[in-house]
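The annotation domain 'Ion transport' is assigned in TrEMBL to 126-317, 427-673. Taken from TrEMBL, the feature transmembrane segment covers 223-242, 254-271, 283-308, 469-492, 504-526, 547-569, 649-673. For 759-795, the entry in TrEMBL reads region 'Disordered'. The feature compositional bias 'Polar residues' is assigned by TrEMBL to 761-772.
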C-alpha cells in the first residue's frame, strides 16, 4: 500500500468500507480465488496490492475512460502509470476546473483596467500586472500538470494545447516586461487571451462551435474567392467607367473603386454610390443593378446554401464521431470490469463499483435499474454490446410506477385535487384561458389609447390599474388549479407552464413596483408578455419555439464565439486607434458632416465621434455598429482619414469575420428547424413517449439473483418488497442528442456495422506475459520503431 501515490491511496480509502461488504458477500473479499481477478489496470502496473485494491483501481480507471468519452477527450492523454494519476486527478478536479475558469475570466476582464482603461475600473500598472501574473501562473500550473502525464511527444500532437502553451509563454514574458517598465507597451497579443477561456472544461460547446466554423471554412473560402473576384472585376470596370466623372469621388482611383464596391456589397452606401453616375446617364444604373444582383442576391445566397449543406454534413459527422468515441470509451472500460471467470460479461458488483467512481451521486436503486435496463439479454451480466449503451442510461431518472398516480392520492387534499383535475381537463378550460389572455390584450390596448395626464399616469393605467389586478388574479387562479390538478413537479415540467407562471409573477411584481415607484417605467414590459401564449395556438409558432429550445445550447455557444471575436478585434482596435480623436475630423471629405462637433451645439450627425476605441466598452459598441453594417463605411472612412488608408483593412476583415460567423449561425438555425420539422413528421406522440421513457420490471428475488448484496441490497430492500414485482419508469430529457438517435436510426446501424467490420479486419496484436501468471494478456501497440506495451484484455 505504501507504494501507491498518496492521492490514489486516499481515493481507495474513501471507498474501502463501501466495497468491503460487496466483496465479502459476493466474492469472498481478499481471500477470493485469484482466478477471479480481472484485467490489470495500467494505473497500478508493478505494484503489489490485494484483490479489492486491484478492483478499486480498475473501477477508477474505467470511470476515467467513461469521463473521457463523455467529454470527447482523446485517449492518448489517458494516464498510463501510477505516477501520472495524481496530476491527472488534480487537473480533472471540479474545483480546479472552476479555478481555471476564474483565472481565464480574470485575464479577460483585465482589459477593463489596463490602459486604455474604462475610467471607473482603471488600476495602476503594478496592480493589474500582478493580477495577470497570478492568473497566468494558475493556467501554467495546469499545463505543467498536464505535461506530467501526457509528455512532450503527445502535447505536440495536441494543437490546441500547443497553441495555449506558446500563448502562455508570450504573455508571461510580456507581463514581466510591463511590471519591470511600469508602463504598458503595444500589446496586441492581449487579443489572444480568449484562448485560455475557450480551453476550459466549461466551454466545451464553444470549442465544438469553433471547430464547426473551421470545418466549414473550405467551402466558405471558395465562395469568398469567387465573391472577391466579382467585386474586383466590377471595381475595375467602375474605375474605367466613372473615374473621369469629376463629381463622383467613389471611383477616383482603383483603391477607391474597390472600397466603394466592397461597401456596396453590404448595401450600406446604396444608392449614394450610384447617384452621381445615375445623374450623368440613366443607363449607368444597369451597372449597379447587375452588380447587386450578382454578388448580393446570387453569390451571397449561394454561399449560405453551400455553408448550410456543409454544416448539415458536419452535424451528422459530429453525431457519428461522438457516438463511436463513446463506444470506444465503453469498450476500454469494459476490459477493466470483466473478470477471468466471466471474461465476456460485467457483473452487477463491478458495474456498481464503476458508478461509485463515475457518478457517486447515484443511489443504489439508480445503479441497479440502469444495470437492469442495459441487461436486455437477462443473462445476469452485461455483454460488450449491452455495455456500449451505458451513456444512454445515465440520463434516465427513475421513479416507481405507483408515483405516476395523482399526487393527491390518499391525501387530505384529494377532494380539492380531484375537483381541480376535473376543471383543468374540461375541453373548454383552455378556451377560457385563451379568452382571458385576449381580454387582457384588449384591456391593454384600451389603456394605451386612453388619454393620460403624463407618463406616470399612463404607465400606472397600463400596468397597475384595476383591470391589471383582475387579470393577474385570474391568471394566478389558473396556475393554482393546474398545480392542484397535476402537482408542482409535473406542472413545472412544461415549458409553457413555467413561462406563464413566470410572466404572471413578473407582471405582479411590476404592478407593485409601479405603485410604489411611479417613475419605474421599465416594468411596463412585463404585462404584455402573457400574450405570447397565444402563439401556441398556431403550429408554425410552436415549431419556431421548439426550434429555439433545441437551439438554446448552440445559440449560447455562438454568442460566446461572437463575444470572443468582439474581444479579439476590440483589443486590436484599441492598440491601433485608441489615440485618435474624431471630433471635427475628416475635413473636406464625404463624411465631414458626421463628425462636426461644437461645445454649444451639435447636429445629430455630429455624434459619430463617439464611435471610437478609447476603451473596451466603447470598442464593443463600435464593433456592434459595424456588425449591423448600416453606415459602417462612415466609421471606416473616418479612421482612414486620421490613421491612414491601410486602416481600412481592419474594418474589412472584421466584416468578413462577422459575415462568416453569422452565416454559420443562420445555417445552424436552418438545420435545427429542418431537423425539428422532419422529426415531427416522422414521429408520433406514442413513438416519442417510447423514446423518452423506459420501463423496468423487477423484484427482490431477481435483484438477489443478479448479485445485489451488502450495502446495495440494503438500499434496494426499501424499494423492492419480497414477493412483489415492481415496475419503475425511467425518463430522459428531450434533448437534440436524444432526438438524433431517433432520426439517424438507419445511419447509426450503418456506422455500428462499419465499426464491427473494421474491428474484425484489425490483426490481433495480443501477446502473453510470462512474468506474472496472474496478469492478463498484454496488448502490443506498434508505433513506428517504438513498441509500447500496455496491460489489458483485447476483447
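The first residue you see is number 1, and the count goes up from there.
Cβ from N, Cα, C; glycine included.
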Would you kindly list the residues that approach the transmembrane segment (283-308) from elsewhere in its chain, counting only those six or more residues past its ends and only Cβ-Cβ distances under 8 Å?
216, 219-220, 222-224, 226-227, 230-231, 234, 237-238, 241-242, 261, 264-265, 267, 270-271, 273-274, 277, 663-664, 666-667, 670-671
Give me the mean pLDDT over the domain 'Ion transport' (427-673), rounded to a whole number.
84
Mind checking which residues of the chain, 6+ beyond the ends of the transmembrane segment (254-271), have their Cβ under 8 Å from one of its Cβ atoms?
227, 231-232, 234-236, 238-239, 242-243, 278, 288, 291-292, 295-296, 629-633, 636, 645, 648, 652, 655
